[in-house]
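Copied over from Swiss-Prot, here are the features:
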- Cys115, Cys120, Cys126, Ser362: [4Fe-4S] cluster 1 binding site (BINDING)
- Cys146, Cys150, Cys153: [4Fe-4S] cluster 2 binding site (BINDING)
- 131-351: domain 'Radical SAM core' (DOMAIN)
Amino acid sequence: MYTRLSSLALRHHRHNHNNSVLLLSSLISLRHCSSPPTNPEPPQTLASLRHRLAVESPSLSDFVRLQTSDDYSVEVGTKKKPLSKPKWMKESIPGGAKYTQIKKKLRQLNLHTVCEEARCPNMGECWSGGETGTATATIMILGDTCTRGCRFCNVKTSRTPPPPDPDEPSKVAEAIASWGLDYVVITSVDRDDLPDQGSGHFAETVQKLKILKPNMLIEALVPDFRGDPGCVEKVSKSGLDVFAHNIETVEELQSAVRDHRANFKQSLEVLKLAKEYADAGTLTKTSIMLGCGETPDQVVRTMEKVRAAGVDVMTFGQYMRPSKRHMPVSEYITPEAFEKYRILGMDMGFRYVASGPMVRSSYKAGEFYIKSMIDADRAMSWASSSPSPLPAA
């Protein structure tokens, strides 16, 4: 078993102890096979953020006091002696009237969802609306075949996928408009084979849906478009409410997890550009998987850089191996550790953090809170822009 804990010296002045310094334990996991990090010194913005967290955030005093390795994660076993999934990773069986309705409509229109393609464990909960009543679905456009081959992804791949259906934006918009959804996520495969990486097709889909359902909240979960600013601008200005692009894993594991054409710097730049191009009030969002071999220290550094890029929402979920052909799971992170990352993310200044073993980038519970947040922002904006009543005579 790997050694799980070492200390991250986060200094914190507690209100009830004059001039006392508390060394906080971190989720740092140092593996015997790892070598000392060779990362350059973080930029001043990150240094300032670390200082602010250490000095000003009282909730960090309780951050991750994990005393044994099992508090952070559990092993997955070996090929010869595999271990069963922990109890918190048990999946529920999809069902419900809305679930059945959405699935039937998808088949009729020959549309694809990443929920099905990626075998998402939350599909039934999201499609049915679950406890919140906010039914959501994640529609995948530009076909079901990706030009890239990330080591975690179950979507089929090809260097030359079929051309996109030119009528797809209209079909998707009409289908989604008829489902009675409150919040929809539109995503796509990577289309490196297309001159504009599929960005025009993506933007057209969002625009057509907004015409039919102007009050529906739309999240666009986009590929990196090879970092092309023109492609990012096109989608950012299409009328979406949330611009999402996933960095997938910590900076140090990018080449081990993602396709060689993707990288951390490029993804971070896409998120920065989206913030610049999109209308005021548009949220930016990203997600990473845990259990890929990352250390807690790497997760924290990645969070710092994502927040410094102005990202509003971040989600964390457990990586699950889709098949034996894919990258193996390194470890199962405990719900308690996920909760610590959520607390730290909120202390860093993210507006919302969804973190849990079964959380995925497009997750019903998270979308419910994001919807509430956007509604509140718009109500406040409307109130501040309304003319003040004239004083009584």
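The first residue you see is number 1, and the count goes up from there.
The backbone N, Cα and C atoms fix where each Cβ goes, and this holds for glycine too.
Other residues of the same chain near the [4Fe-4S] cluster 2 site, with their Cβ within 8 Å of the Cβ centroid of Cys146, Cys150, Cys153, are Arg148, Gly149, Phe152, Asn154, Val155, Thr157, Val189, Asp190, Asp259. Secondary structure at Cys153 ([4Fe-4S] cluster 2 binding site), taken from DSSP and collapsed to helix, strand or coil, is coil. The average per-residue pLDDT of the prediction over the domain 'Radical SAM core' (131-351) is 90, rounded to a whole number. The Cβ of Cys146 ([4Fe-4S] cluster 2 binding site) has 23 neighbouring Cβ atoms from other residues within 10 Å, across all protein chains displayed. Counting only residues at least six positions away in the same chain, the Cβ atoms of Glu248, Val257, Arg258, Asp259, Ala262 sit under 8 Å from the Cβ of Cys150 ([4Fe-4S] cluster 2 binding site).
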